[in-house]
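According to Swiss-Prot, the features are:
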- Cys65, Cys69: [4Fe-4S] cluster 1 binding site (BINDING)
- Cys68, Cys71, Cys76, Cys86: [4Fe-4S] cluster 2 binding site (BINDING)
- His109: CO binding site (BINDING)
- His246, Cys274, Cys313, Cys511, Cys540, Cys575: [Ni-4Fe-4S] cluster binding site (BINDING)
- 395-424: domain '4Fe-4S ferredoxin-type 1' (DOMAIN)
- Cys405, Cys408, Cys411, Cys453: [4Fe-4S] cluster 3 binding site (BINDING)
- Cys415, Cys443, Cys446, Cys449: [4Fe-4S] cluster 4 binding site (BINDING)
- 434-463: domain '4Fe-4S ferredoxin-type 2' (DOMAIN)
Amino acid sequence: MVLEFGKGAFVVDDLRNVTIKIGEIAEEEEEWAPMGPTPMPGIATLRDWDFFLLKRYKPFYAPACDMCCLCTMGKCDLTGNKRGACGIDLAAQTGRIVTIACSIGVSAHTGHARHMLHDIEHMTGKKLSEIPVDLGPEIDEVAPLTELITGIKPKTLEDLERALRYAEEQIVQVVDAVHTGQEGSYLDYESKALHLGMLDSLGKEIADIAQICAFGYPKGEDNQPLIEVGMGVMDRSKAMILVIGHHAPPVLNIADYIEENGLEDEVDLGGICCTANDMTRYYQKAKIVSALGRQLKVIRAGLADVIVIDEQCIRADILYHTKKLGIPVICTNEKAMHALPDMTKEEPKNIIKYLLDGNPGCVILDPLKVGEVAVEVARARRKQRGDDIGPRLTEEQFMEYARACTQCGNCTIACPQGIRIGEAMEAAENGDRSKLEKEWDVCIACGRCEQVCPKGIPIIDMYNYAAWNLIVNEKGKLRRGRGPIRDSEIRNVGAPIVLGTIPGIIAVIGCGNYPNGTRDAYTIMDEFASRNYIVVTTGCMAFDAALYKDEEGQTVYEKYHDRFDGGGVVQIGSCVANAHIHGAAIKVARIFAKRNIRANYEEIADYILNRVGACGVAWGAYSQKAASIATGFNRLGIPAVVGPHGSKYRRAFLGRPYNDEDWMVYDARTGEKVRIEPAPQDLLVAAETIEEAIPLMAKLCFRPNDTTQGRSIKLTHYIDLSLKYLKRMPDDWHLFVRTEADLPLAKKEELLKELEDKHGWKIDWQKKKIVEGPIRGYHAGFNPTNLERCLRDGFMTV
């Protein structure tokens, strides 16, 4: 037998009874950039980087429970450094629980991405290979996370699917590690959690780029139109469809059906959570009713004629409430079917009749059938109920319930906000409903109070009745989600961000589990945008900030531009659009510093940690997705602040400013180790109040690479915000002074005097120079890195 190879073919002589199968044909990768050291990293690939972060930012644990109840050898008491039956201690068990939470979060986003690709093929009738990844002429770095993590620069959605397969495989491997009898080190559990956080960012990018390219969402253009937001924006003269969840394709079919049949004047489409955000990127007449924190208030207000749910952040007891109100529910996703009958294969007319016959709901898993059913059911129900849309309680019922309250205090004990509901009920009984109305916004509508009330008072309905005028008049304005940051924008702001003259990027993201109502979201955005920070925002916090107006009647979205530039408020989109915030930081390294981002995660994360002044805030974070989102930011070198409820995630990453060895970096210019200021000081930290959080966020934008001008600007804001919100100078401001040129010019003499008197620094008053005192001096050529490899081999550039 002779085997001959020729160009493009091979020939085999005398071959019999052989079947030849040709599988996937791999085309040669285009070498647009050198392949970096870590394409498609496994669990252990970036472990050294994780361990560096975990050494500097030591995990601080606050376990919610000292027991482990995960296997039948337990339950095991882990207090007092005891080990469980399997040998695990409390630190490792807490790290394990954190890893489990992150695995749930990353599975939600990655599962969403997989479902998105399936629905795109079904709804468009195209193969993934036929849909190009095209984000317009101003975006060449179309998928910076995908390129950074996998080494793939996608040309079609099929390329994104390859990256998604990698993420899915890695998630399985990490979840395997949380099984009993596997990992035993809290450090390695945290490394695995960081790995999941990175995969979460990848899954989000795949999901959002896919829907942008398939459904024609905005591609990073600024000056986006304003969308109505608030419980008062729904037109009560029309049939009302309420959508809840995060997976938009079924809702897009509703929008198509409304438009194709000319029903815009008859049907109003509104939503809660990320589905609401994404549908407005497709259908501009859609409205955002509320963020997650008001979901139960919206449902119980009875505004909707039909409710359509898909996946994530949907109340598990939604049918319990809708059955009482007679509102049918259509489940469109197999992850949330609520024991309803699957009618996917039924004709739409049969499904419509079934729902109008008074049945509580059904499942429709074909997104192309949802539009007709939802719209026609809503139209029919609107005719049935007429104009009877108002509070669910009568005046007599309201007063009867107010009088029934015995001030037992059970509700306050159950309330995560500690609201003194009984006092508000007593005031209402005496004719003062202002307390209930004021607390309506602080209440996150969890419903726990109703579960413990011995009198069965419908407390949510009481709140809605007292605040009804507020509800019907609540109308704000939100910029439509614009999607990714354009390369052209990065070219303009890369230098100011790295040098510090734009003091930082503030990412306002996450859920609505706020400690004191929704106004905090507005306060954070307005404060930082007014100081020339770049404010980017997504999800529920983006919605809630839109509900408030300044003295001139403008929301933050009307007051500030939406370019990625100083003083901008940029509404990126839904939860999965958070990936574009990661992407912006990566693009700074790629476009401004000319670093090679292809499969080069560790080096780019090192660059961001040392140079890109960015800080995330998830003030109302509640979900496992929020945990994996924050952990993904952390692995990339971006710190995050959470609200007081965020301590329930059980873990913080706190720096120790006093520990010299934690703050040693290499100066690539000289090869020597240098002790730097604690910048950024923490990687994940909970703040108790908004007054504590705002100065903390400004502090977490300090970076070792700041120029003197940039450091002076950042110190000005840090000191000013501390004086404004905490009424005192920050205790640690002097740690960030390297030279007198770092000091805010307007307070230079005052601060030099304080450095001399309070901190013992030596000052040459004749020259007004610092002679002795700083942790380190300033050198314009300082080139910080934490990676020995980069000292040895140099930085990868393109």
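Numbers run from 1 along the shown chain.
Just so you know, glycine gets a Cβ as well, placed from its N, Cα and C.
The structure, with features from Swiss-Prot marked on it.
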residue : record                           : DSSP class
Cys69   : [4Fe-4S] cluster 1 binding site  : coil
Cys86   : [4Fe-4S] cluster 2 binding site  : coil
His109  : CO binding site                  : helix
Cys274  : [Ni-4Fe-4S] cluster binding site : helix
Cys313  : [Ni-4Fe-4S] cluster binding site : coil
Cys405  : [4Fe-4S] cluster 3 binding site  : coil
Cys449  : [4Fe-4S] cluster 4 binding site  : helix
Cys511  : [Ni-4Fe-4S] cluster binding site : coil
Cys540  : [Ni-4Fe-4S] cluster binding site : helix
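In this structure, of the binding-site residues Cys69, Cys453, Cys540, Cys575, the smallest number of CB atoms within 10 A of the CB marks Cys69.
Cys446 ([4Fe-4S] cluster 4 binding site) sits 36 Å from Cys86 ([4Fe-4S] cluster 2 binding site), taking the C-alpha atoms as the reference points. Nearest Cα neighbour of Cys408 ([4Fe-4S] cluster 3 binding site) among the listed binding-site residues (Cys68, Cys69, Cys76, His109, Cys415): Cys415. Cys71 ([4Fe-4S] cluster 2 binding site) and Cys453 ([4Fe-4S] cluster 3 binding site) are 35 Å apart (CA-CA, integer value). Cα-Cα distances to Cys69 ([4Fe-4S] cluster 1 binding site) place Cys76 within 10 Å, out of the binding-site residues Cys76, Cys86, Cys274, Cys411, Cys575.
Annotation: Cys274 carries the greatest number of neighbouring Cβ atoms among the binding-site residues Cys71, Cys274, Cys511 [cut-off 10 Å, Cβ to Cβ].
Using a 10 Å Cβ-Cβ cutoff, Cys446 ([4Fe-4S] cluster 4 binding site) registers 19 neighbours. Within 8 Å of the centroid defined by the CB atoms of Cys68, Cys71, Cys76, Cys86, the record's [4Fe-4S] cluster 2 site, lie the Cβ atoms of Cys69, Leu70, Met73, Gly74, Lys75, Gly84, Ala85, Ile88, Gln93, Thr180, excluding the listed residues themselves. Spatial neighbours are here defined as Cα atoms within 10 angstroms of one another, and by that definition the neighbours of Cys449 ([4Fe-4S] cluster 4 binding site) among the binding-site residues Cys76, Cys86, His246, Cys313, Cys411, Cys511 are Cys411. Least crowded of the binding-site residues (Cys76, Cys449), judged by neighbouring Cβ atoms within 10 Å of its own Cβ: Cys76. Within 10 Å of the Cβ of Cys415 ([4Fe-4S] cluster 4 binding site) there are 20 other Cβ atoms, across all protein chains. Counting every protein chain shown, the Cβ of Cys411 ([4Fe-4S] cluster 3 binding site) has 24 other Cβ atoms within 10 Å. Among the binding-site residues listed here, namely Cys68, Cys71, Cys76, Cys443, Cys443 has its C-alpha nearest to that of His246 ([Ni-4Fe-4S] cluster binding site).
On the 0 to 100 pLDDT scale, the domain '4Fe-4S ferredoxin-type 1' (395-424) averages 97 in this prediction. Rounded to a whole value, the Cα-Cα separation of Cys540 ([Ni-4Fe-4S] cluster binding site) and Cys65 ([4Fe-4S] cluster 1 binding site) is 29 Å. Broken down by DSSP into helix, strand and coil, the domain '4Fe-4S ferredoxin-type 1' (395-424) contains 19 helix, 0 strand, 11 coil.
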